[in-house]
Amino acid sequence: MSGGKFLETLAGKRHPTPPIWLMRQAGRYLPEYRAVRSTTRSFLEFCYTPDKAVEVTLQPIRRFGLDAAIIFSDILVVPDALGQKVWFAEGEGPKLEALTDPSQFGRLSRARLQEHLAPVYEAIRRTRAELPRETALLGFAGAPFTLACYMIEGGGSKEFGKVKKWAYAHPESFKLLIDLLIDAVVDHLGHQVDAGADAVQLFDSWAGVLPEEQLFHWSLDPMVRIAKGLRVRHPHVPILAFPRAVGPAALMYRLPETFSALSLDTGIGAHWAAKEIQPHICVQGNLDPIMLVAGGEAMEREATRILDKLGHGSYVFNLGHGVVPQTPPDHVARLVEIVRNWKPSS
Ligand SMILES: Cc1c2[nH]c(c1CCC(=O)O)Cc1[nH]c(c(CCC(=O)O)c1C)Cc1[nH]c(c(CCC(=O)O)c1C)Cc1[nH]c(c(C)c1CCC(=O)O)C2
């Protein structure tokens, strides 16, 4: 099977040591990334230049021999493709021309999504052709609630006051946006699989800001609908879910029977996950990204603790969130070694 150990693990096959890849494995912590990045001012233009996207996708694979590559792109290409203005301000993160009124939904349209995102699909096609057969290629998208956060807040946020107020006070119009995003994300993931992605991951980075009922309604149900919609087109493609910071109870709500793997943030206990989640579904995670910055014995002890808890079941080694820019690349190389040399204790 192409895609090797990672895809086999998602399909239920056990290996002596788990596969490993890292969220945000391509990025500013790598000098070779910064070198390519510096050739394009606009981040979105960079994402839409297949030569460059392919190159930076392959960089961490060449350097560390990880079991999966994730296509270099961003979750905000979807609002961009729907017609919302998106840009990245130097040192400030993403900015969007915020939606302030439901009447503005009318300006968003899926009609040109495939055409607009053709460079992403081209980058996937070329990356798949260049990757070793045993390395899986992941496509991805932001889940509707996280996309709505950026679209309504106009960028990052601490309180998420605008998006939450809109969802609570005007659920009918918020639903229109979420429904549009469900369809757009199914389209985008479907095109990524058509282009050669072996599996896809849905990132709901901000799901954890919602209280329980709202979380089910605006984050988890839409994720389930996306998985079902994608399976109509691609019945066998593995789909991973990353509903960040939702707590243990919410993870058990409809996700284990719907997805191929659940990606755990650092707040989920590995021991609990081994007992309660792993019997139902493969888990991925959940080393603290700052352990990777710290390195040394602290990282080794913590990575081994997680491996001892989860490595006996269906498991993909990863972080609990993305690699941060201050990470020393040598620590990543060491982490890969720790995972590959791990020996189950019993
Ligand atoms: C919320 C979110 C975004 N983007 C993403 C998420 C979900 C995951 C998460 O919670 O971290 C996902 C993402 N963004 C990027 C990837 C590429 C693939 C990979 O993981 O290696 C992926 C999977 C590249 C990127 N996306 C971005 C960069 C840095 C910009 C640059 O290099 O100039 C990269 C490498 C920009 C971005 N894009 C986004 C933010 C908040 C930022 C600014 C913060 C930052 O700078 O790290 C939105």
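Note: Cβ is positioned from N, Cα and C throughout, glycine not excepted.
Note on the domain 'Uroporphyrinogen decarboxylase (URO-D)' (19-28): DSSP counts are 0 helix, 1 strand, 9 coil. Per TrEMBL, domain 'Uroporphyrinogen decarboxylase (URO-D)' is recorded for 19-28 (among others).
The substrate binding site annotation in TrEMBL covers R24, Q25, A26, G27, R28, D74, Y150, S205, H321. Taken residue by residue with DSSP, D74 (site 'Transition state stabilizer') is part of neither helix nor strand, so it is coil.
All protein chains included, D74 (site 'Transition state stabilizer') registers 17 other Cβ atoms within 10 Å of its own Cβ. Positions annotated as site 'Transition state stabilizer' by TrEMBL: D74.
The domain 'Uroporphyrinogen decarboxylase (URO-D)' annotation in TrEMBL covers 138-154 (among others). As a whole-number mean, the pLDDT of the domain 'Uroporphyrinogen decarboxylase (URO-D)' (138-154) in this prediction is 98.
Sequence-distant neighbours of the domain 'Uroporphyrinogen decarboxylase (URO-D)' (138-154) (same chain, 6+ residues past either end, Cβ-Cβ under 8 Å): 21, 68-71, 73, 75-76, 78-79, 84, 94-100, 124, 160, 162-163, 166-167, 174, 177-178, 181-182, 185, 188-189, 192-193, 195, 197-207, 209-210, 218-219, 222-223, 226, 240, 243. The CA atom of A26 (substrate binding site) is located 11 Å away from the CA atom of D74 (site 'Transition state stabilizer'). Same-chain residues lying 6 or more positions outside the domain 'Uroporphyrinogen decarboxylase (URO-D)' (19-28) and placing a CB less than 8 Å from one of its CB atoms are 4-6, 9, 34, 37, 56-57, 59-60, 64, 66-70, 72, 138, 242, 263, 292, 316-319, 321-325, 332, 335-336, 339-340. Ligand 1 lies under 6 Å from the Cβ of the following recorded positions, listed in sequence order from R24, A26, D74, Y150: R24, A26, D74. Within the domain 'Uroporphyrinogen decarboxylase (URO-D)' (138-154), the DSSP-based counts of helix, strand and coil residues read 10 helix, 5 strand, 2 coil.
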